[in-house]
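S.K.: Can you read through this structure? Questions will come right after.
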Amino acid sequence: MPALAGAIAAACLLPVAYVLWSTASLGPAEAYDFLVRPRIGELLWNTGRLLVGGVGLSVVFGVSGAWLVERTSLPLAGWWHGALCAPLAIPAFVNGYAWVATTHAVQSYLGAVLVVSLSYYPLVYLPAVAALRRLDPSLEEVAASLGKRPREVFLRVVLPTVAPAVLGGALLVGLHLLAEYGALQLLNYPTLTTAILQQYGAAFNGPAATLLAGVLLVACLGLLALEMLARGPARRARVGSGTARPATRLRLGRVTVPVVVALAAFVALAVGLPAASLVRWLVRGASAELDLASLLPAAGTSVALAAVAGVVATAAALPVVWEAVRRRNRWSLGVERIAYVTSALPGVVVALALVTVAIGWLPWLYQTLPLLVVAYVILFLPRALVAVRAVLELVPPRLEEVALSLGLSRAGAMRRVTLPLLLPGLATATAMVALAVSTELTATLLLAPIGTTTLATEFWSEASSVAYGAAAPYALALVLLAMPATILLGRSSRGEAR
Amino acid sequence: MKPLSAVVVSVGVALLGTTLTSCSSGDALVVYNAQHEQLMEELVPAFEKETGIDVELRNGSDLELAAQLVAEGKKSPADVFLTENSPAMAAVEREGLLATLPDDVTAPIPEQYRPASNAWTGFVARSTVLVYNTDEITEAELPASLLDLAKPEWKGKISFSPTGADFQAIVAGVLATEGEAATKTWLEGLKANGTVYDGNNVVLESVNAGKVPVGVIYHYYWYRDQAESGDVSDHSKLHFFGNQDPGAFVSVSGAGVLASAEHKTDAEKFVGYLTGKTGQQGLADSYALEYPLNPDVQLDPPVKPFAELDPPAVAVSDLDSDAVVDLMTEVGFL
């Protein structure tokens with residue numbers, strides 16, 4: 001079992017090893033010539049300011065939304081919560097398409113920042129809502145009793161307690177922005193990732209694409225380090241969870257109407273506009289006849305790939321989590337951590353690594369679906385890890401011991417006692433990975449065997465050639481696929497029953 | 001634990017197996033197709049009907065498929081390779097992966113549209129054009145040469161799609177006629193002056209919407225949209241450079257048979273069909289509006305007749321995609 005877990009971690013490290021190895025094999029002079037030139041500066045500047053703007057705006061959207069929903073007298077807060085979660089169901093590249101198909105004005109820095117923030121702010125909003133829910137109001141009352149005014153209480157008590165959740169969300173937004181291809185390509189905003197795919201299209205798997213992947217890798221690791229620094233050594237533990245009452249909500253009073261109007265306008269931009277654009281093009285595209293002959297096989301492939309990758313990722317997560325939970329030593333925790341870190345890598349880096357490895361050493365694997373599944377597993381393993389860990393932690397080893405003492409074999413105890421208890425977690429893990437896979441674009445573009453189409457690749461081939469009407473049915477199918485996960489996440493963030 | 005993973009893994013393998021078998025084929029002719037998918041889907045059924053040969057298309061882009069052929073080498077399952085532009089075909093030829101085509105297959109195509117080696121042949125062609133927004137610019141203001149677009153007076157007024165194989169073929173044409181130094185200076189001028197988009201469709205749409213006055217594309221993007229709806233072309237017109245200007249460059253789509261082809265006779269039949277009169281008429285009648293290269297077949301108006309294009313004399317085997325990518329990387333497009 002430790003060997004299995006180690007092998008899985010090694011597979012996850014493959015992309016990093018590939019980037020390091022191929023950069024090293026290039027020779028410093030050549031690498032220097034390629035990296036130190038205006039084009040790279042341009043890409044770094046574009047990527048950097050998109051990160052600052054996109055993460056900043058997502059935090060503003062996410063935190064203010066969460067505060068309004070959880071801490072004010074906003075009418076119909078539950079309904080607004082649903083509306084604010086809804087953008088999660090619209091993959092960023094579909095959102096980019098919807099905007100560009102409506103107005104070309106978004107093809108600029110500010111437009112790109114706005115569109116990606118509208119796509120990714122829920123990654124801040126959800127943890128912020130969860131943190132505000134968990135926050136025991138007695139802390140605030142203590143501060144108030146010590147003479148702090150409401151504003152000070154918010155700044156010195158509420159904000160610091162919510163900060164780690166917001167920071168974690170901001171990190172996720174940053175990593176997504178670094179990896180984003182489809183939306184930014186449609187918004188005509190070049191970043192490192194779009195440049196890698198263009199390089200790949202022009203010169204295939206040349207050294208240039210690899211070097212750019214190296215730069216992107218450094219940017220990702222830099223972001224992870226930055227988040228750790230910002231988190232700092234402060235500890236925010238408390239003994240016992242207590243029984244928190246719902247927090248007192250700020251009375252909006254006379255500003256209720258303006259706040260509701262502003263929120264409605266925001267939801268109109270984040271959900272209404274993409275939905276309207278989709279419907280408009282769907283209607284227009286329908287006149288050009290719906291191409292079911294390509295839609296159905298693409299949907300079939302998407303679903304089959306998602307199911308297989310979901311099952312394989314869950315199977316891979318099991319030994320890793322088992323080691324980390326049941327053995328709990330430095331090695332097993334390290335293995336688990338590695339899987340998390342590599343998932344921060346953009347799909348394009350993982351895909352390039354697998355292309356190189358397959359062409360060089362495993363030619364029989366090149367241009368096959370199993371290779372694509374491997375990429376999905378590396379990219380989305382953490383989603384399975386989280387779900388499997390959540391259930392395994394709740395299964396006491398004692399149950400198995402009892403089963404063993406009653407004469408069951410190890411395998412028998414596993415099959416008849418542990419497995420049934422794990423099953424809900426395994427199902428969640430499979431579903432989470434499957435949903436992520438069904439809307440994945442970049443790795444799929446590079447690794448899908450020629451002739452194999454998925455909803456995402458078909459959507460992309462239409463949308464990127466400005467066939468907006470033809471792209472609409474695929475966009476709709478992608479949104480429908482992402483819906484269940486959105487509902488699940490929206491509910492669990494507010495601690496509601498699943 | 002072990003039995004569980006075994007079960008899970010075997011379910012996975014079984015599922016994968018079903019997806020895999022659903023796309024593998026038996027004895028069909030395997031065509032790696034970088035030409036427009038829609039065009040081949042119109043032509044192939046007619047070929048299948050005429051010959052009884054089954055064809056399996058695997059679609060991709062020029063360089064992607066060329067690179068894959070090179071990676072697969074002699075083990076490639078491909079029988080036929082079709083490109084949109086010739087540089088990708090030339091790259092595969094340089095690796096020695098193409099078989100020499102029989103004379104009767106290439107004979108219908110004029111000599112200037114195929115290499116002397118007969119390792120492949122052109123079968124359709126596309127002309128470089130300048131699309132311009134009629135509200136933004138008048139006919140009199142249009143440049144006489146594609147090279148003029150690098151001049152300072154065009155700053156902020158031009159657009160193109162340097163990341164695609166189409167524009168790179170145009171650059172290869174400039175490189176072949178003007179030499180490396182002049183091409184580099186020209187590219188630097190374009191970089192300073194232009195707005196970069198990804199895809200000729202996007203260039204056309206942006207010019208038509210008035211975001212930029214002119215754009216460099218191939219002729220058929222505009223004519224196709226005119227034939228369909230005019231949605232993204234009604235506010236624009238095409239300017240053909242002619243006069244053997246580099247901007248009148250005609251890019252040739254190639255067809256070749258792999259040396260390792262398992263179905264070589266069928267493959268030659270297929271290429272022969274594409275160059276022969278029936279296939280070429282099928283091309284001309286399709287939505288594609290690319291120029292058939294067999295002189296017996298002509299596109300209908302309103303497409304500007306092939307004979308009036310007056311392109312520069314460039315030998316198809318002189319187009320060097322590697323040199324183009326290097327130059328464009330140096331200039332900072334890639």
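Numbering starts at 1 and runs along the chain as displayed.
Placement of Cβ uses the backbone N, Cα and C atoms for every residue, glycine included.
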S.K.: Please find, within the list A:30-49, A:50-69, the residue stretch that TrEMBL describes as transmembrane segment.
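M.R.: So the range that TrEMBL calls transmembrane segment is A:50-69.
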S.K.: Among A:50-69, A:76-97, A:153-179, A:373-396, A:417-437, which stretch has the most Cβ pairs under 8 Å to the transmembrane segment (A:255-283)?
M.R.: A:76-97
S.K.: Is it the case that the transmembrane segment (A:50-69) and the transmembrane segment (A:373-396) touch, counting contact as three or more CB pairs under 8 Å in which the residues of each pair are 6 or more positions apart?
M.R.: no
S.K.: In the same chain, who gets a Cβ under 8 Å from the transmembrane segment (A:303-325) while lying at least 6 residues past its ends?
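M.R.: Tertiary neighbours of the transmembrane segment (A:303-325) are 1-2, 4-5, 8-9, 331-333, 335-336, 339, 369, 372-373, 376-377, 380-381, 383-385, 387-389, 392-393, 426, 429-435, 437-438, 454, 481.
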